[in-house]
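**Student:** My questions will all concern the structure given below.
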Amino acid sequence: MRKTIVAGNWKMNKTPSETVALVNELKPLVASEVSDVVFCVPAICIPAALEAAKGSNINIGAENMYFEESGAYTGEIAPNMLTDLGVKYVIIGHSERREYFAETDETVNKKVLKAFEHGITPIVCCGETLAQREQGVTIDFVRQQIKIAFQGVTADQAKTAVIAYEPIWAIGTGKVATTEQAQEVCKAIRECIAEVYDQATADAIRIQYGGSVSAASAPELFAQEDIDGGLVGGAALKPDFGKIVNYK
Ligand SMILES: O=C(CO)COP(=O)(O)O
């Protein structure tokens, strides 16, 4: 039985002092036996979030990370900078990083490998555009993203990974995928992991749905066989996040 994992992706929202206030507000609401809880916050807010989350069930994650150890990469954050603070999770390859910051399946793969090397759990994002869905290539496209992202990742590592299926057309649009659409793709992702590795790895890996998740849509989505929680944007900044975490 996989435990659900619900992660908030704060995106480019909240200053460090606003972070302290929001973590303090949400802390009692996200206390949960139901789901593992992660707040992925802007890099500069990580120390404030860690301090405010002390003694709670909240894990703090990053929204991105670079794939080199150190050096002349102005503006980037190295994996050991995250682990030194106590960061346990990192979102890799969010569609906004792919669209606005030129991330590719290849750089996603490098980052995933680097995260594992440093003991950070990657939340690996995948998902199709509306045009791809309309062309009927969603599953082929997502399978390709996953296969490349996991190249060189061992089965033992993959078992601990989190995959977030986020159809791009559902992100920030209020257009949540239907439960059937979300389950169909999450199932296909699990089958892809079974093909690349084995059934035990596919059974262990946790697959989230993301895209306009709300307190209203979470219970049905997370009850699906292949959906093990969510990656939540807008609703992660509100008290509703407590309801999403404690969806049952
Ligand atoms: O991109 C997302 C999470 O990573 C989803 O964002 P919304 O929940 O705001 O649609």
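Glycine too: its Cβ is placed from the backbone N, Cα and C atoms.
Please treat TrEMBL annotations as automatic predictions, because they have not gone through curation.
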**Student:** According to TrEMBL, Asn9, Trp10, Lys11, Gly172, Gly233, Gly234 bind substrate; identify which of Ser32, Ser35, Ser212 is listed for that same site.
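**Tutor:** That substrate site, as TrEMBL gives it, pairs Asn9, Trp10, Lys11, Gly172, Gly233, Gly234 with Ser212.
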**Student:** What binding-site residues among Trp10, Lys11, Ser212 have a C-beta sitting less than 6 Å from any atom of ligand 1?
**Tutor:** Ser212
**Student:** List the Cα distance (Å, whole number) between Asn9 (substrate binding site) and His94 (active site, electrophile).
**Tutor:** 10
**Student:** Using an 8 Å cut-off from the Cβ centroid of Asn9, Trp10, Lys11, Gly172, Ser212, Gly233, Gly234, can you name the remaining same-chain residues around the substrate site, in sequence order?
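**Tutor:** These residues sit around the substrate site: Ile171, Val232, Ala235, Ala236, Leu237.
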